[in-house]
Every structure is written in C-alpha cells, then in structure tokens.
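Report on the following structure.
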C-alpha cells in the first residue's frame, strides 16, 4: 500500500513543490490550504499529472480542524505516514511598531498551526501503532533573527523549539520530528517581504532587498522549491529513520550553525 502524506499550505510556493516531489516519490497526497480557489487549481493540476491527490480546505490555526484534516486523510487513504506542517505567513515590521494583530496572526498560524499539526499526526500514528514522520517548516529565521522580521523570526524559533521537544517526547513511539529551514526563495512570500522592505526604506526599489539577501548566498543563486522538496523527500523516506529533532538548513550557504 502506498504511503500517505499531508502537506499544509500546499496550494502554491514551497508547499506545492514539496507536495509534487512526494507525489513523484509515490505518496498519496492530501493538499491542504485555506485558499480554496488556488487549492482546487493545484488539485486539478496534480490529478491531470496522474498523482493520487485530494484537496482539503481548512484553517491550520484551529486545533479541531487539524484533527479533522488528519481524519480526512485516513478516510481517503487508509492511514497517515507523513505530516508536513508547511503552512506559514510572514510580516515585515520594525520592532517598535509590532502590534497585537500581527503577533496573533503569525503565532496562530506559524506556531499554533504547527503544534496542532504535530499533535494530530502523532495521535494518529500512535492509534495506528505505526512509525510516522512529522516534518515542520522552520527557516533561516529560526536560527538567526532578522531586522524588521522580528515576529516571523520569533515564530520560527518557536517552531524549532517545538520540533526538538516533540522529537524527544515521541521518539519512544517510533515517531521522528524534524524541520527544514529554507533561505531566500523566489516565492510569493519573498515577493511580499521585498515589497514591504521597500516601503520602510525610500532608497530601495522593488527587488533590491531580495537581491541583497541573495547576494550573500555562497552557492551563488537563490533557492528553488525543488531545493527544499529534495530535503523533505529525504526526511519523509526510510533513509532518515535515524534523524530526529533536527532543524536542517537548506539555504545554499547563508546561515552557518
């Protein structure tokens, strides 16, 4: 029987790239996103390519909806094997201007959503009496905090912490928990970050902030979704069975830890 993976935030960007790679690896795919229109487009595209994929619209920040997502996957495909907590949002705000609304939004999605995904998947693995793999979206900002990305950085440090804690507590149940830490990618998220940084600095033009970050990458290019998907593919495979609690940088040589 083919294995099953849930990927949250899978309608576009890195999440879509991860989902396509796992589909090519032979997984049944549950595509989750809150953007229903884009989600259904991605589901159609996947099915046209012959992938075993179904879409599920939900809000990852709601614990009950994360539990229902996992149950949907089990109903559709019989069991769950891999949970990729990819969904996340960003914000670009100077430290003195960060407010309650931004904090609530980012922590609800990036932190609560990841934790609730960990819990829902782990409980299903335990119920199945099977090993399972939980893979979280961290970031270079989970290793090093960045100016005007304070809230985002704080949420990704939290994701790294929950990844370590979950790995320690779930190891004796055969469940591994790891995270991938992307760097600078040409995605909608980075386009938004670039645009917001221009608003904060009159000397910048669109593309300048992205190029400034990219210029520091030692391997000489910005990140493609496939760079992240390759790591997630490994973490979802049996080859990674002896790795847990790690938040692995995949940034082309930008942050060194």
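Heads up, the Cβ atoms here are built off N, Cα and C, so glycines get one too.
The active site, proton acceptor feature in Swiss-Prot is assigned to 152; the stated evidence is sequence analysis. According to Swiss-Prot, the feature active site maps to 156, an assignment based on similarity to another entry. The NAD(+) binding site annotation in Swiss-Prot covers 6-30. Feature annotation from Swiss-Prot assigns substrate binding site to 139; the stated evidence is similarity to another entry.
Look at residue 22 (NAD(+) binding site): DSSP puts it in a helix. Closest by Cα distance to the residue listed as 'substrate binding site', from the recorded positions 10, 18, 26, 152, is 152. Over all protein chains present, the Cβ of the residue listed as 'substrate binding site' has 28 other Cβ atoms lying within 10 Å. In the three-state DSSP assignment, the secondary structure recorded for the residue listed as 'active site, proton acceptor' is helix. Shown in sequence order, 90, 91, 106, 110, 139, 141, 146 are the residues of the chain, 6+ apart in sequence, with a C-beta less than 8 angstroms from the C-beta of residue 152 (active site, proton acceptor). Separating the Cα atoms of residue 6 (NAD(+) binding site) and the residue listed as 'active site' is a whole-number distance of 20 Å. Non-local neighbourhood of residue 14 (NAD(+) binding site): 86, 137, 182, 185, 187, 225, 228, 229, each in the same chain, at least six residues away, with C-beta under 8 Å from its C-beta.
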